[in-house]
Every structure is written in structure tokens, then in C-alpha cells.
Amino acid sequence: MDRSTEPTPSDAEETRGSDGASPAGRHLTIAPARRRRLLALLAGLAVVVLVVDQIVKYLAVTRLEPGEYVPIIGDLLGLSLVFNSGAAFSFAEGSTWFFTIAATVVTAVIIVVARRLGSLAWAIALGALLGGNLGNLADRLFREPGFGVGHVVDMINYNNWFVGNVADIAIVLSAIAVAVLTFRGISVDGRRLAPAGHVDPEVKAAVDEEPSSAVESDETTPEQDRAAADEASTAVEPGDGTTTNGTDRG
């Protein structure tokens, strides 16, 4: 588990699941104080992204004219005022209501998922995602032409390929972070999920410590063969033609 996502002993307690001690069966009981700190970080980052996004949009609306291009890095990057009815970076324009509903659902999902929050990295990723999502959702709800169908203000022109805003940047970066965390097997509560075929080090150590006598083998040593022969020879009484159990050999 990454240091950034591993709860400290004072913040979390590891308990074993009913299915044994495998990594997939372990659960982290996150201390309330730690969870409050992570939730505060998530909420604080979301507010920062939302406020910065709305300030930049306000400046764009009041300082830029539609169709105007202000170069920042020549033709590669500049400022252009666009009112977008679609998704991030002017994608799927004309589907405002669909994206309004989708943004509302995403907000609800983030709030539900945050109840299990135990990872610093996830707190940052979800905070940025929530802030960016709320930034564009606010435009759809409260800007022209009407509630729920408002157009999102975009102003960052990427070589005339597409135009986006601060909220879009936060959404894309957080989506990448979520993908990386998921790929690395780090869950929202801070556990690192065990990959297929992984053997728990504690289970492996317990197996290695078992006494060798517990493992049966079909092979025998020369000493064991001689001992067995001696035992067989003592089972016959010499000179009387009978075995030790009294059975006549003749």
C-alpha cells in the first residue's frame, strides 16, 4: 500500500474477515477523526475548484467577446469565449438535459462513495472531480437559456481543436487519477486489493514454519532401511523353527 494511502496505527485498525487472513478478506476500520480529515480535504478541494472555475468564467464573460481570440502561446493555446451546451471540451453539444442529469448523478455517487473514504489519494481525486462537476453543473442550472439547460462557459482554446474551462481540467485530471488508483488496486477505503494468484505473506510464513515431520514422504534413508531389517530379524526366534507368535514354520 502506498504511504499516502496507508492508514497509520493510530488512525486505523485492521480486522480480518470471516473468510480468513487473505488480503481480499481484510478490512480497514478507519478512525472517525481520520475520516473527518479526509472528508474535509475532499470538500475543501471541491470548493476551491468550484470557486476558481466560477471566477475564471466570470472574467471570461465580462472581458472577452464571442469570436474573439486572445493568444497565450501563439495558436497552440489561447482564450476564446464559447457558450457550450454539451459536455467537457464542447463535446456532444445540444445534449444539455442529458448532461445535467448525468452531472447530478455523479455528484450523488461521489457523496455516497465518500462515506467509505480512507485514502488520501482518493480524497484528492474525488475532491477535484466533485469540484469540476459542480462547476459545470452550476452553469447548466443557472445560466441562460434556462434552468437545467444552461450553457457552460468555456474559454480555454486548445489550438482550435476544442475549448474548455477550469472545471473540465479538474474533471479530466481526476478521472486519470481514479483510473490509476483503480489499476493499482487501491480502493476508496485505502486497502490494496490482492491480485489474482497472490499469496498472503502471513499465510506463506505460517506454512513455512510448519515442522517438517508433518510432511509425509514415500522415500526412506539407508538408516531407516537397516532399522526395518533389524526389526524383522528379531521377529523370528532362532533354533526352534517357530515365529514369535507361536506359529509352526513346518
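Each residue, glycine too, has its Cβ placed from N, Cα and C.
TrEMBL entries are annotated by machine, without manual review.
According to TrEMBL, the region 'Disordered' annotation covers 1-26, 201-250. Under the heading transmembrane segment, TrEMBL lists 38-60, 97-113, 120-138, 158-183. Summarising the annotation, TrEMBL assigns active site to D154, D168. As annotated by TrEMBL, compositional bias 'Acidic residues' applies to 208-222. Residues or ranges marked as compositional bias 'Low complexity' in TrEMBL: 239-250.
Counting C-beta pairs under 8 angstroms (sequence separation of 6 or more), the transmembrane segment (158-183) reaches the transmembrane segment (38-60) with 3 or more such pairs. The two recorded residues, D154 (active site) and D168 (active site), have Cα atoms 9 Å apart. Note on D168 (active site): other Cβ atoms within 10 Å of its Cβ, all shown chains, come to 24. Every protein chain shown contributes to the tally, and the Cβ of D154 (active site) ends up with 26 other Cβ atoms within 10 Å.
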